[in-house]
């Protein structure tokens, strides 16, 4: 069978009593692009740089790479395209990851011989607290909410809280409830609820970061 190493110039020599003649021929062997350095599942924090590999080999070696996000060519996704570039070795670079970038990323490689080779991996952008107000206010004797401002992908699973640098577990306290969106609901606010709070969001990938310290001020008579 023909191997890649068989590429080269071959010389045919014919001899008889009348003399010798030679003929040269060039044998070129082609092979379709094959991805040898596929992308790997990657987890990053929002706003961080992402690099996902897609190195391929083939003959000829002038390989063209394309990347897709959830099945759509990245160049056709304006929100993502302007933050990405593809290196000559096929590596996809996302300059600043956003939560919406999470999902399946697929690379295909072709040198014009046969069908493109494809490989994929999943990108997860960890949850982070997107906004931490310096102060939040609760009405004395009434119900009120202290919010944890979260943007998470994959979806938020739960959030933990600290108050005055100590763990704050609402499940052990009367009149306090942890909501599904990570915020704290105080059913009846008292002066004891004043303090400095931090929230930390978690999803399936873990946590991105905690909020800044937020002073919760109880207002009222």
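Each residue, glycine too, has its Cβ placed from N, Cα and C.
Those TrEMBL annotations? Automatic predictions, nothing curated.
Taking DSSP states H, G and I as helix and E and B as strand, the domain 'Ig-like' (32-130) has 10 helix, 53 strand, 36 coil. Per TrEMBL, domain 'Ig-like' is recorded for 32-130 (among others).
Residues or ranges marked as domain 'Ig-like' in TrEMBL: 141-217 (among others). Per-residue pLDDT, averaged along the domain 'Ig-like' (141-217), amounts to 86 for this model.
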